[in-house]
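*Asks:* One structure coming up, written as structure tokens, with questions to follow.
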């Protein structure tokens, strides 16, 4: 089974609205591992690793985010895989 890792940077109203919590929950639901963390500029960085189809499904979810957030922009890039345990909120 191929594993892919991607880094996402989500911009918009994504801090202080439960975005990382919902992102972690969605990642776990899709059997992904990685993390979500706030950046100093107001964006959220998300690393997700798992099956390519699940990564695509996750990316579609990130484009919308939870109802409490407003996603204005989603940047993504494939990165070298590392070992993560679970889906952490940093």
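A Cβ is built for glycine as well, from the same backbone N, Cα and C atoms used for every other residue.
Grabbed the feature section from Swiss-Prot, which reads as follows:
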- 5-90: domain 'Acylphosphatase-like' (DOMAIN)
- 20: active site (ACT_SITE)
- 38: active site (ACT_SITE)
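A description of the local structural setting of each listed feature is requested, covering burial, neighbours and distances.
*Replies:* A C-beta separation below 8 Å, combined with a sequence spacing of at least six in one chain, links residue 20 (active site) to 36, 37, 38, 44, 89, 90.
Under the DSSP three-state reduction, residue 38 (active site) is assigned to strand.
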*Asks:* Provide the three-state DSSP residue tally for the domain 'Acylphosphatase-like' (5-90): helix first, then strand, then coil.
*Replies:* 24 helix, 35 strand, 27 coil
*Asks:* Over the domain 'Acylphosphatase-like' (5-90), what is the model's mean pLDDT?
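*Replies:* PLDDT averaged over the stretch: 96.
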